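Enquirer: Relevant sequence annotations retrieved from TrEMBL are reproduced here:
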BINDING   His66, His68, His110, Glu112  Fe cation binding site
DOMAIN    34-127  domain 'Pirin N-terminal'
DOMAIN    181-285  domain 'Pirin C-terminal'
Amino acid sequence: MPEKEKSRVGLNDPRLVVRKFLARPQHEGLGAIVRRSIGRFELRYFDPFLVLDEFSVTAPAGFPDHPHRGFETVTYMLQGTVIHEDFDGHKGTIGPGDLQWMTAGRGIVHSEMPASQGTQKGLQLWINLSSKNKMIEPRYQEMSSKDIAEATNDGIKVRVIAGEALGTKSPIYTRTPTMFLDFTLESGARLQQPVPESWNAFVYVLEGEGVFGRSKSTPVTAHYLLLLGSGDGLEAWNKSSKLLRFILVGGEPLREPLVQFGPFVMNTQEEIDQTIDDFENYRNGFEKARHWRSESGLGLDF
Ligand code: FJE
Ligand code: FE
């Protein structure tokens, strides 16, 4: 390969793993189980990311009627199907490999429940919105598995949920600039993936074992979250004999004050007080919550 091209694909300053967390199962919602990595006590916030849950729901468990304001939720299914239903009549299913990118903005009230028997598994990522976007109109971007762009090269497969990898771009619009890549590396494969220098980035391992950051570092297995330090991208290796699957997520930090009360994430305590008042009195985006109940008819105390 000519030297010029090498420098184009190569990384000059690969990011190292600076912290590592094992996400252990905990109860959330109504009988659901989540492995929460970002959003737990030791890792309250990794700007702009509020929560990363690897969830597992088996009927009748689920996430019945509950609100959101001030951020986005990204639901990416790994196995099974979830039915979602909101107070504006927006309804549908999210099946294996499907994506729902929901900008809650000023307010969404919805339910997220298992659609079938067996265990439904997926990832849900909460991405904070900047102060200027917290009260925007809610919006959904949905993609079924077959429409999610995939690229392959040298033992690497990537599903491009958001951002760009191996020359393939996702059509998802990220109001808080974000990349979300689902990588599968065959045995022996080595990945070099650029990540903008100023962004925060993490890896969450789904399957197999991988070596991240430095070729000599200890292999990491499923359910581990790795926070990456500064640099221009991620270098990863599959030195095992099995497939390695992980997500790489990066986002531009907002660097704004944050006050969170459960599913409401604002910049100040006054805005949180206002949000609770809006929700309780069906105002400023919560009007439609007054007469709405999901088909499950259940609610969630948050
Ligand atoms: C929520 C408790 C919750 N992780 N992963 C309190 F469980 C939830 C919530 C979820 C959730 C939903 C899915 Cl489909 C997947 C999740 C938490 O709905 F929003 C609050 N406030
Ligand atoms: Fe929700």
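Quick reminder: no glycine exception, Cβ is built from N, Cα and C everywhere.
Can you tell me where each of these features sits in this structure?
Expert: Every protein chain shown contributes to the tally, and the Cβ of His68 (Fe cation binding site) ends up with 24 other Cβ atoms within 10 Å.
Looking only at the domain 'Pirin C-terminal' (181-285), the predicted model's pLDDT averages out at 98.
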Enquirer: Glu112 (Fe cation binding site) has how many other Cβ neighbours within 10 Å of its own Cβ?
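Expert: Glu112 (Fe cation binding site): 29 neighbouring Cβ atoms within 10 Å.
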Enquirer: How do the residues of the domain 'Pirin N-terminal' (34-127) split into helix, strand and coil according to DSSP?
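Expert: Residue counts for the domain 'Pirin N-terminal' (34-127) by secondary structure: 3 helix, 61 strand, 30 coil.
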Enquirer: For the domain 'Pirin C-terminal' (181-285), jot down how many residues DSSP puts in helix, in strand and in coil.
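Expert: Summed over the domain 'Pirin C-terminal' (181-285), the classes give 12 helix, 48 strand, 45 coil.
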